[in-house]
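Here is the structure we will look at.
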Amino acid sequence: MAAVDSDVESLPRGGFRCCLCHVTTANRPSLDAHLGGRKHRHLVELRAARKAQGLRSVFVSGFPRDVDSAQLSEYFLAFGPVASVVMDKDKGVFAIVEMGDVGAREAVLSQSQHSLGGHRLRVRPREQKEFQSPASKSPKGAAPDSHQLAKALAEAADVGAQMIKLVGLRELSEAERQLRSLVVALMQEVFTEFFPGCVVHPFGSSINSFDVHGCDLDLFLDLGDLEEPQPVPKAPESPSLDSALASPLDPQALACTPASPPDSQPPASPQDSEALDFETPSSSLAPQTPDSALASETLASPQSLPPASPLLEDREEGDLGKASELAETPKEEKAEGAAMLELVGSILRGCVPGVYRVQTVPSARRPVVKFCHRPSGLHGDVSLSNRLALHNSRFLSLCSELDGRVRPLVYTLRCWAQGRGLSGSGPLLSNYALTLLVIYFLQTRDPPVLPTVSQLTQKAGEGEQVEVDGWDCSFPRDASRLEPSINVEPLSSLLAQFFSCVSCWDLRGSLLSLREGQALPVAGGLPSNLWEGLRLGPLNLQDPFDLSHNVAANVTSRVAGRLQNCCRAAANYCRSLQYQRRSSRGRDWGLLPLLQPSSPSSLLSATPIPLPLAPFTQLTAALVQVFREALGCHIEQATKRTRSEGGGTGESSQGGTSKRLKVDGQKNCCEEGKEEQQGCAGDGGEDRVEEMVIEVGEMVQDWAMQSPGQPGDLPLTTGKHGAPGEEGQPSHAALAERGPKGHEAAQEWSQGEAGKGASLPSSASWRCALWHRVWQGRRRARRRLQQQTKEGAGGGAGTRAGWLATEAQVTQELKGLSGGEERPETEPLLSFVASVSPADRMLTVTPLQDPQGLFPDLHHFLQVFLPQAIRHLK
């Protein structure tokens, strides 16, 4: 218990922080749940194992360089069992010998002198170092420590200053950039010996001006017009001492950088050598390095590495080729490419000092050789056919030079998206796609902040006309030759506009083109030079140069919907005084609530539940029946009223704990035609807006833009009347993408609703409360009830009324099993707000009160149950 107490510290403003796992909890029950969780228990066990390992180990030096681990193991076996021997393979001057038990270690230390092969060994206890939790190894590009970030941003004068300070906290330091340049120079020198005239180009985060601590070092080995390489001698297994000394990588230069682990300089003494331990201290502000230089040697073989997935190559500009490239490549070229890739891997493995964990990935869409560089702590990859990615990186760098607001916006939105669970690998947005989305947004401002790619191509001078793989990559290299933008909007306004615009863009029904600086409608067809080969999806974002590549083709419908929901919630928050002004009561303000990581419940809140196609009035009526009759919810319809833009702050004027949670209407919807491409109309231009008022006695729990435990405005929206495709009305493209039934629904809507001249209904929202866990054991209870009534699936349950009656009986039985009767005057087990919009027929469920953490289970149940229920009631 004492060890547990030492891992936990109380926070000044309430809550607790687990120093071992770097996790903050809001209260004691949450802390107890964390301490009993798998992650914390694993780290406690790992720390105990590391401590026991240190108590059984000795530090050995003074042996000849040709002595291997087997010889050392044989010598120390005379004192007892030997568990392992870890050698310093780079310099071969020391080793750590782990004995089988503490008694064997004491026997080794009790002997005053040790000798091996005529050389006197220096043996002493292994130094005990403070345990460094692997939990601190956050994903690449992760934000600094939350306390450091909060303190730095809270001291800023305004939101714009916060965004600029965030860039300073996340970008590479000058020493880290110099370190990467030294590694590139080292690679250039080595590869020139094998491929005279080749050039090693860094690309990606290292040069596109959006670098972060710990980002990979992406390299493009440009062989130029080099024909098939001449046979080269077999690369040595490990670099010699002469080659290490002859390399341009100055060990002292590495040692002076904060990113360098302790083994970045040759040890002057055995005491210095012992700094190379199993655990290397790491920081969220420094490049992530392996656990230790020594322990990583056991993982040096490709077989010990996890299999590389082509999705991992899609994170940055490196994934810019056509999807059919590999399939169309002749087998002979594939074989030659694989052989060249193996040759590059052999050179890295045998001739570059400090490189380890080399792995060739020929099956990736862009074949690469992955590597780690121990002295610098960098992870990287080398590709042979990625010239297009190099120009993409230079284009992003040019955009950041054209306007000083680009970098703060991109850094802020990357950090926000990471906290919302929107960016990453697999079906999530890549950092490259998110950056292009920001650039497209800035191109569509009025006046524009950035020029379109077509405009840049026209201004390319002599020597800047470039064509790569048939794509025009021409643009000026010098930003000073271009006129600056006349747009002078502050950073805080641009950030709020981004959230508003993305929340109402038709992501599936249009193609966001950076080359044209506008959204091209998908349904109407596109010119062949813009359309051919491009794979459409829920989010269509065209690469600026490879026009056949949709950089967001991997994004799923659920992620695209969650992106717009999170943007809608953030846009609502950006209209509040909490975003615009520093809090006089010490509360988080400005960027801080936006950058707080979301809890699982808030991520689910932003994940919409797709519903079957049906007229909106029929859909809302069916939802009310399901919640009230089938599930036994106490349900209240939200009311609407109109207020002035500046009126009220959302706090109740009444006493007690009752709060009035407001929901601003979506007022920043894109207009049709030209204005849709320019941005969102009505930003700040309306004097009165709609809001939804829900009188509740609970607080909204950790919505997407709020810090845990902070009350605030409920970020739901009511639909507004507008043109087809806008917020509040389903676009025909959105309905058509659902297949033949979608076309029928589109016709039904046009004839049944719009044809009658009826106004479009606004979004419907309900506050629901549950007193029993009616989602648990429901299938078993239904089966038991069917057996008792002997109706089964073929009886009255097959009708609409019969299905409702059956589900109501199932709910009543589950209430009886849980014990007690429903009493509205008592506090409910769980309360939430359900909201559905006619624009997309997606249901959003937001928790209001969830003291027992049951919302994730309920949300998972509703994802399956509600669509089936609507089909029964149609």
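Backbone N, Cα and C define each Cβ position, glycine as well.
Within Tyr432, Tyr573, the residue that Swiss-Prot lists together with Asp216, Asp218, Asn392, Arg414, His549 for binding UTP is Tyr432. Spanning the residues Asp216, Asp218, Asn392, Arg414, Tyr432, His549 that the record associates with binding UTP, the maximal Cα-Cα distance equals 23 Å. Rounded to a whole number, the C-alpha distance linking His549 (UTP binding site) with Ser205 (ATP binding site) is 20 angstrom. Taking the Cβ of Asn392 (ATP binding site) as centre and 10 Å as the limit, one finds 28 other Cβ atoms among all the protein chains shown.
In the three-state DSSP scheme, His549 (UTP binding site) falls into the coil class. In this structure the alpha carbons, written CA, of Asp216 (Mg(2+) binding site) and Ser205 (ATP binding site) are 7 Å apart. Taking the C-alpha positions, the distance from Arg414 (UTP binding site) to Ser205 (ATP binding site) comes to 13 Å. A strand conformation is recorded for Asp218 (Mg(2+) binding site) in the three-state DSSP classification.
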